[in-house]
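Engineer: Okay, here's the structure, questions in a sec.
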Amino acid sequence: MTPNSLLSAPSADGVWHHCHLLPDADPARAIRDGALVVEHGRIAWLGAAADLPEAWRGAPRHDANGAWITPGLVDCHTHLVYGGQRADEFAMRLAGAGYEEIARAGGGIVSTVRATRGADEDTLFAQAAARLQPLLAEGVTAIEIKSGYGLNLESERKQLRVARRLGEHFGISVYTTFLGAHALPPEYADRADDYIELVCNTMLPALADEGLVDAVDAFCESIGFSIAQTERVFDAAARHGLRVKLHAEQLSNLGGAALAARHRALSADHLEHLDEAGVAAMAEAGTVAVLLPGAYYFLRDTNLPPIALLRQYGVPMAISTDHNPGTSPVTSLLLMMNMACTLFRLTVPEALAGVTAHAARALGADDRHGRLAVGRVADFALWRIDSPAELAYWFGRNPVATVVRQGRVHAGAGAAA
């Protein structure tokens, strides 16, 4: 996309007709032979085409050619901005090395830290843009992007600045998350408490004051940070009025999900080792469970998240790519829907909610994204499908016809432009 192509993308204003509408993930609320009106970049009306108010019958028309229109998709957990890649570690995994073994050998997160620190902002932007474009082409209109590969103030700032720049350049809603407590940088080896002090008292205050942070995250694991260290990060976030989320219970059960719930976290993510007490705490707090089937698949995990318990307690389940260079180098949210159904046994409506309303809730943005509703910014996707179930059914195929982001039309294979 050229620098001015966002402004040159045509307006979505007018009546979208010859379509079927899925306002949210509930198939009972689907509207066949529907119409949707966009005015000044926002949804002004939606319903059955036969009920279109007279006031809009003379408005410009957009023929959807029988497509289904859904809310724009939301990718609520990504590590999209980083330097380099880690294909060499893939070979190590195939030879039997595990996540912890690679990390302790100096690979993993810290190897990406070296590449990220060594890259300038323009290089990081170009690399991240290439990763973002396939997601845009699949109908993603809102995305979370974490830092966590800088692990010092300068490089964390660089990552977050690139994330903001991606949103401005592509006309997509980007929600930034400060993940300074992702791993120990080499210069703080064996000094985790000192590093957490830097995160809480230097990095977070500076980045929050610069308006670069929407939420705060941490990696609470035996190879990451302890419950006590994570709580210090959460307390610092609260002092700056920032919501929190947590990488929790991926490799073991440290009680991270319960900690997240005590702090009314937006989400707890991964959760392969989550127990019933953690599920109950999340339910009481309204914390979203973000499922990351790409990492589960890539790591060849065998411990499933407790889907039945999450259902039983009414915990909202979101689905995300977890795009990152080490454990989920995937750029397809549609594939994650299929994996969530096939690997985790989610239903199709659960998968649809997982990439729309529940994903938006995991960002604290369910008042802006995840549903087609009057008054909201026009973020939606048109699909060449006979039924919304096909979005979770196909894999390796992108049935998108048109994507509307922030009231602008991005068509067909050029939906990422």
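Including glycine, each Cβ sits where the backbone N, Cα and C put it.
Source: prediction; values computed, not measured.
Quick paste from Swiss-Prot:
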- His77, His79, His247, Asp322: Fe(3+) binding site (BINDING)
- His77, His79, His247, Asp322: Zn(2+) binding site (BINDING)
- Arg86, Tyr149, His182, Gln250, Thr327: 4-imidazolone-5-propanoate binding site (BINDING)
- Tyr149, Asn324, Gly326: N-formimidoyl-L-glutamate binding site (BINDING)
Engineer: Please find, for Arg86, Tyr149, His182, Gln250, Thr327 as listed binding 4-imidazolone-5-propanoate, the greatest distance between any two Cα atoms, in Å.
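Structural biologist: Farthest-apart Cα atoms in Arg86, Tyr149, His182, Gln250, Thr327 are separated by 20 Å.
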Engineer: Listing them in sequence order, which of the binding-site residues His77, His79, His247, Asp322, Asn324, Gly326 have their Cα within 10 Å of that of His182 (4-imidazolone-5-propanoate binding site)?
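Structural biologist: Passing the 10 Å Cα cut: His247.
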Engineer: Which of these binding-site residues has the least crowded Cβ, counting other Cβ atoms within 10 Å: His77, His79, Arg86, His182, His247?
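Structural biologist: If we count Cβ atoms within 10 Å for the binding-site residues His77, His79, Arg86, His182, His247, the smallest count is at Arg86.
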Engineer: At the Cα level, what's the spacing in Å between His79 (Fe(3+) binding site) and Asn324 (N-formimidoyl-L-glutamate binding site), rounded?
Structural biologist: 5
Engineer: For Gly326 (N-formimidoyl-L-glutamate binding site) and His247 (Fe(3+) binding site), determine the Cα separation and express it in whole Å.
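Structural biologist: If we compare the Cα positions of Gly326 (N-formimidoyl-L-glutamate binding site) and His247 (Fe(3+) binding site), the gap is 15 Å.
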Engineer: Enumerate the residues of the same chain, His77, His79, His247, Asp322 excluded, that satisfy the criterion Cβ within 8 A of the mean position of the Cβ atoms of the recorded Fe(3+) site; list them in sequence order.
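Structural biologist: Once His77, His79, His247, Asp322 are set aside, the remaining close residues are Thr78, Lys146, Asp269, His270, Val290, Leu292, Ala295, Ser320, His323, Asn324, Ser328.
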Engineer: Out of Arg86, Gln250, Asn324, Thr327, the binding-site residues in the record, which is closest to His77 (Fe(3+) binding site) when you go by Cα distance?
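Structural biologist: Of all the candidates listed, Asn324 is nearest in space.
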Engineer: Round to the nearest Å and give the CA-to-CA distance linking Arg86 (4-imidazolone-5-propanoate binding site) with Asn324 (N-formimidoyl-L-glutamate binding site).
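Structural biologist: Checking the Cα atoms of Arg86 (4-imidazolone-5-propanoate binding site) and Asn324 (N-formimidoyl-L-glutamate binding site) gives a distance of 10 Å.
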Engineer: Max CA to CA distance in Å over the N-formimidoyl-L-glutamate-binding set Tyr149, Asn324, Gly326?
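Structural biologist: Overall maximum Cα spacing for these binding residues reaches 12 Å.
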